[in-house]
């Protein structure tokens, strides 16, 4: 690989730049530059000859952690954090290798945000590049090494460097090449040009950065091509934060008729998309290219050259840069996820209906046995197609969304619930309306669905022309009509499946994969259980989870417990910070004998627990949202405690738990008060 030889030269050049490294950086020559090992974990060891720090199995055993914490940092401008590291292990322990994790710890958050994780062993140094979005908040970088199996397991850090700018930017003057890598090919590859590196087969240019032979650039030469359409690829670091704007670079092409120079994006699923291709013959000057670049989710940029033969000349590349401002030739409509989404709590947002008449009505209902509340809070507003009360068969209600720019990939998510139809197919459908051609294309429709349950649908689509999303409710005959409910529509850039490959959001748990970091004091039939679908006992418990309608939630099974028996679910220890926290979750308390659900705060080294929130008795057939605002400057845990009621119809469930820094703000607690005892301690300071 191109970088292997380059990285071996890092040690010789590292000392020269160690004295002027920016904040958040360290070359580990004579010290750790203010990065400190956390006392409760294994220490990171500074190598006696300098150059790196490490932890290995001579200081700890499998599963033990070494944690390195940076001094206070601030990134008021977009920054790039690069980490040069190595993970080694013995061949017999590949099933459980060591792992290196990198977190951001903001001063006002009680949890750490996982930015990156790696566990691939290597016999050479590797580079990780991480984009840090600009923020006025102070933070620390936390690097965690977890030792794997084997007597020779080790983790080493060669350099940490934080610089202003984007990780996909590069002038190729630094020896780590900004984390760009060449995909090795037996015949054609990207090489470093300029400086003392000369090639006898081609007359290569001076670099663009310094416009002299002292500077460097990347180039690929056709001289060794042996087959038709030989391809060389230069691959950027993976973006780690959403970005959109103008990607620019300088290039030279010699003998452009025998080569094709293209620029692609590639997401984590391996999907390629061409975003630019050189369309003019080469000349001796550096040419500027500007390309619209949208990366709402992690993706790589790939510079690809394909040669048709050994006389294809060369292609040179230099000075890749990015600006969050769109290119000068940008004339298309810009996309806003906020303007394209709606939870219908205030109005219809940017959605509208046919002029023929209101087929969809914005409603707010009190949940009962036959109709659930809205999906957003349980007691808010949603849209209802009142097809049951129309007099004519063939009734159609259309809801149009705002205009979406063409040639972008979108992820549409929404929640729907259906009541009363005998035949459910096509009672709700989603169409794409191409404005320029007045063409509608169906991209989704209901087939079968549990009745009366909020279900999540997600659809990925892309069209070349500007489009609108249209929700259509259809009543085929007077004798088979029902109700169609719609809520929480979101439209975002990118594929819906891309989010599955991202780290879970910090401080959130939907229980879809597991119980996250929640623990229980004991596990038996009377504990909290993770479940999907209906609970076993009739007339109690939810019909589905809150997240998707078909996912998982946590609940107590009352038929396995006796009256007054408790089940307790504990969060992991949360770091104490100044300021307010907002805890949100959804709870389900339905059944004539429902008992008590309480949320407690337990501070470190305190035996007493403080009550934050409580609900007693049956609350609703719907999932209801709870908001709890609290403050705690010491390490603490949040405890969900459910107590079984007087009968087996007292299942209690929770879902979609989320911890956020700062006050709950405008998210008012709209949960209803029960007819029995209720305490609402929504703002408590300790």
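The backbone N, Cα and C atoms fix where each Cβ goes, and this holds for glycine too.
Owing to the predicted nature of the structure, the values given are computational and were not obtained by experimental measurement.
Summarising the annotation, TrEMBL assigns signal peptide to 1-18.
The domain 'MAM' annotation in TrEMBL covers 24-169 (among others).
Look at TrEMBL and you will find 168-329 (among others) tagged as domain 'MAM'.
Residues or ranges marked as domain 'MAM' by TrEMBL: 340-498 (among others).
What TrEMBL records for 507-666 (among others) is domain 'MAM'.
Among the features that TrEMBL reports, region 'Disordered' is placed at 521-543 (among others). Beyond the region 'Disordered' (521-543), the same-chain residues lying 6 or more positions past its ends with a Cβ under 8 Å from any Cβ of the stretch are 450, 452-453, 511, 514-515, 550-561, 565, 567-570, 588, 590-594, 623, 640, 642, 644, 648-651, 653.
Residues or ranges marked as region 'Disordered' by TrEMBL: 665-686 (among others).
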On the domain 'MAM' (340-498), the mean of the pLDDT values is 83
Secondary structure split (DSSP) over the domain 'MAM' (24-169) reads 3 helix, 66 strand, 77 coil
